[in-house]
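Enquirer: Below is a structure I'd like to ask you about.
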Amino acid sequence: MNAIWIAVAAVSLLGLAFGAILGYASRRFAVEDDPVVEKIDEILPQSQCGQCGYPGCRPYAEAISCNGEKINRCAPGGEAVMLKIAELLNVEPQPLDGEAPELTPARMVAVIDENNCIGCTKCIQACPVDAIVGATRAMHTVMSDLCTGCNLCVDPCPTHCISLQPVAETPDSWKWDLNTIPVRIIPVEHHA
């Protein structure tokens with residue numbers, strides 16, 4: 001019985017010693033995060049889609065802050081995110097990467113063919129922004145307002161019932177080019 005207590009005490013002392021060493025090492029050798037990277041990462045949409053060429057939003061934020069990467073490569077965030085990052089870094093805003101001024105690619109949204117959906121939830125698990133709703137063995141649907149069109153839900157679908165389709169243009173989503181609209185100033189004549 002005495003040997004058991006000695007073994008318990010020895011293991012407890014070893015655990016306490018190693019815990020103290022690990023606690024000291026975690027504080028002594030801690031790596032401080034760059035606050036600029038944190039702020040950029042908060043601005044990015046966290047869709048982790050990889051359209052910028054990086055595996056996620058955090059690596060892209062690090063590349064912007066540390067490597068001088070362009071701030072205009074986030075497709076899901078679009079112009080709003082690019083403008084916020086430009087304001088944060090005090091740099092000049094740039095046109096979105098790959099976007100020709102005259103020819104903007106149509107915004108895409110995932111659409112589920114609900115007649116063929118088997119309710120496997122693989123698309124829900126793949127969606128980084130939780131834009132797909134449904135339950136196991138029940139019909140799923142996409143909330144188009146939340147969908148970023150990242151295409152991550154298409155491949156996991158075993159029945160191939162998910163496709164990306166362009167969003168229909170409405171007066172609210174239309175990008176009005178006010179510089180090309182002809183404006184004529186009509187002089188006002190005052191008659192007494």
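Cβ atoms are placed via backbone N, Cα and C, with glycine included.
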Enquirer: Which single residue out of Cys74, Cys117 does Swiss-Prot record at the [4Fe-4S] cluster 1 site shared with Cys49, Cys52, Cys57?
Expert: Cys74
Enquirer: Considering the [4Fe-4S] cluster 2 binding residues Cys117, Cys120, Cys123 given in Swiss-Prot, which of Cys66, Cys157 is annotated for that site as well?
Expert: Cys157
Enquirer: Besides Cys147, Cys150, Cys153, which of Cys127, Cys161 does Swiss-Prot list for that [4Fe-4S] cluster 3 site?
Expert: Cys127
Enquirer: Which are the residues of the chain, Cys49, Cys52, Cys57, Cys74 excluded, whose CB is within 8 A of where the CB atoms of the [4Fe-4S] cluster 1 site average out, their centroid?
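Expert: My list of surrounding residues reads Leu44, Pro45, Ser47, Gln48, Gly50, Gln51, Tyr54, Gly56, Tyr60, Arg73, Ala75, Pro76, Gly77.
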Enquirer: Distance check, please: Cα of Cys74 ([4Fe-4S] cluster 1 binding site) against Cα of Cys150 ([4Fe-4S] cluster 3 binding site), rounded to an integer number of angstrom.
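Expert: Distance (Cα to Cα, whole Å): 11 Å.
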Enquirer: Would you count the other CB atoms within 10 A of the CB of Cys123 ([4Fe-4S] cluster 2 binding site), including those on all shown protein chains?
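Expert: Summing over all protein chains shown, Cys123 ([4Fe-4S] cluster 2 binding site) has 25 other Cβ atoms within 10 Å.
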Enquirer: List the same-chain residues at least 6 positions away in sequence whose Cβ sits under 8 Å from the Cβ of Cys127 ([4Fe-4S] cluster 3 binding site), in sequence order, or say none.
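Expert: Those within reach of Cys127 ([4Fe-4S] cluster 3 binding site), by Cβ under 8 Å and sequence separation of 6 or more, are Leu152, Cys153.
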Enquirer: Which one of these binding-site residues, Cys57, Cys117, Cys120, Cys147, Cys150, has the sparsest Cβ neighbourhood, judged by other Cβ atoms within 10 angstroms?
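Expert: Lowest Cβ count within 10 Å among the binding-site residues (Cys57, Cys117, Cys120, Cys147, Cys150) is Cys120.
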